[in-house]
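Pulled from Swiss-Prot, these are the features on record:
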BINDING   Glu39, Gly44  Ca(2+) binding site
BINDING   His60, His377  Fe(II)-heme a binding site
BINDING   His239, His289, His290  Cu cation binding site
BINDING   Tyr243  O2 binding site
BINDING   His367, Asp368  Mg(2+) binding site
BINDING   His375  heme a3 binding site
TRANSMEM  16-36  transmembrane segment
TRANSMEM  62-82  transmembrane segment
TRANSMEM  101-121  transmembrane segment
TRANSMEM  144-164  transmembrane segment
TRANSMEM  182-202  transmembrane segment
TRANSMEM  233-253  transmembrane segment
TRANSMEM  267-287  transmembrane segment
TRANSMEM  304-324  transmembrane segment
TRANSMEM  337-357  transmembrane segment
TRANSMEM  384-404  transmembrane segment
TRANSMEM  413-433  transmembrane segment
TRANSMEM  451-471  transmembrane segment
Amino acid sequence: MMRKWLYSTNHKDIGTLYFMFGIWAGMVGTSLSLLIRAELGNPGSLIGDDQIYNTIVTAHAFIMIFFMVMPIMIGGFGNWLVPLMLGAPDMAFPRMNNMSFWLLPPSIMLLISSSIVENGAGTGWTVYPPLSSNIAHSGSSVDLAIFSLHLAGISSILGAVNFITTIINMRPNNMSLDQMPLFVWSVGITALLLLLSLPVLAGAITMLLTDRNLNTSFFDPAGGGDPILYQHLFWFFGHPEVYILILPGFGMISHIISQESGKKETFGCLGMIYAMMAIGLLGFVVWAHHMFTVGMDIDTRAYFTSATMIIAVPTGIKIFSWLATLHGTQINYSPSMLWSLGFVFLFTVGGLTGVILANSSIDVTLHDTYYVVAHFHYVLSMGAVFAIMGGFVHWYPLFTGLALNPYLLKIQFFTMFIGVNLTFFPQHFLGLAGMPRRYSDYPDTYTSWNIISSLGSYISLVATMLMLMIIWESLINKRIILFPLNMNSSIEWYQNLPPAEHSYNELPILSNF
């Protein structure tokens, strides 16, 4: 038992560990988000002052990003599916794969420690100085958060190296890059983004660490530094990061839609690959659209506005290719199909509010209001999370060999759908009316929409608990899958369900069709 789970070098076992860790962290993050919505459910103070509130917000963001979405998408689905889809016996560096996982529990422990010592790190997930300096945040909270980020970053970089090596070196002999499954492509591009962006974050937070403890002044104007430098460094990581969070979701949705449509491949397969590459590349040249209010030159703002809008083009290509894949099929509203359709629609809504925010002139007004919160929660809470849910219910029979109850899954989908939309749609109105982010209290004008938003969060909580109940029900009833309804073009379903410990004893042969 100890050898299997602690010292594992098997991509499936490590993937399962990532899933268990991510689901646990997701429940912690959800609990924090409910604390936020409980505080905002009515005017006046509930939990305490803004420092406590902002500590909760900061922890919620870090946990959801670094310990829920990334471990599940890249660690869970990536580890499980990339070797199976490539026909590889395992990942390229199995022991490094194990280390990537085991760096995460210490990392989350450091993050939780940062909340419970001193006053907590109430900086927001961006950790901007001078608020995060040792004057405004004395004590070790921010330092612990920085070390937590270091560990999570090392974990992701090692994982990225592993995926890139696996994808380049462990394909079947005659499989060219354009024949690779879209999910493998999406994980490969994600890994490349991680590899290029995380070192910049590491540099920024290390400089912040020395500013706080070793008396340097990288971000302190009194010593010739500039806090804006930190913002540039952080967002040079932070913007690719949001594409890292969504790209594997794109890959999963492509697979689910083409398989559920009964098509042998996604419409415009090659275009999908180029679109993901374009999104990855453009993701690196638009970072300052997070900084339209710091007083940049007008030409700079014009450039970042237009460059940001260009990202909508490859994203649109993906949306329309998914719709074209669905075209002409008799749609079977299975749970995984419902999640995919929900993803396409709600991700599009989130993308449209993003295009609005890309206008620097409008963003000056909307920056740091709930409009921004609504925008990124539409693409994360209804993009990334819907993709995770869809991928999970789609590949669960492959991972476990068991069936989930489709009737309960549909009830769960509609509960969650109503919950998240009720939570985040009203926040657009709050933002347009000027309600600022990161405050625990607000003028009475904003009360009604906040009550509705908080109500939605309670519905989402019920949906989350329902999902856990469905998984539990499946595990105790053990409805064993007899045969998968797969297309010939998805080779992961040719395994036993669940797959054997060693799935490919010899490399599969690719035939031209």
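Even glycines carry a Cβ here, placed using N, Cα and C.
Here the structure is a predicted model, which means the values were calculated and not measured.
Counting residues 6+ beyond its ends, the transmembrane segment (182-202) has Cβ neighbours under 8 Å at 74, 77-78, 81-82, 85-86, 149-150, 153, 156-157, 159-161, 163-164, 167, 233-234, 236-238, 240-241, 243-244, 247-248, 250-252, 254-255, 266, 269, 272-273, 276-277, 279-280, 283-284 in the same chain.
When the Cα atoms are compared, Asp368 (Mg(2+) binding site) and His290 (Cu cation binding site) turn out to be 10 Å apart. With a threshold of 8 Å between CB atoms, the same-chain residues lying at least 6 positions outside the transmembrane segment (267-287) that come near it are 178, 182, 185-186, 189-190, 192-193, 196-197, 232, 235-236, 238-240, 242-243, 247, 250-251, 254, 304, 307-308, 310-311, 313-315, 317-318, 321-322, 324-325, 327. With a threshold of 8 Å between CB atoms, the same-chain residues lying at least 6 positions outside the transmembrane segment (384-404) that come near it are 12, 15-16, 19, 69, 72-73, 77, 80-81, 84, 245-246, 248-250, 252-253, 255-256, 259, 335-336, 338-340, 342-343, 346-347, 413, 416, 420, 467, 470-471, 474-475, 478-481, 484, 492-493, 495-499. For His289 (Cu cation binding site), the nearest of the binding-site residues Glu39, Tyr243, His367, His377 in terms of C-alpha separation is His367. Around the Cβ of His289 (Cu cation binding site), 22 further Cβ atoms fall within 10 Å across all displayed protein chains. Taking the centroid of the Cβ atoms of His239, His289, His290 as the Cu cation site, the other same-chain residues with Cβ within 8 Å of it are Trp235, Gly238, Val286, Trp287, Ala288, Met291, Phe304, Thr308. Most Cβ pairs under 8 Å with the transmembrane segment (101-121) belong to 16-36, among the candidate stretches 16-36, 413-433, 451-471. Counting in whole angstrom, Gly44 (Ca(2+) binding site) lies 24 from His377 (Fe(II)-heme a binding site) by their C-alpha atoms.
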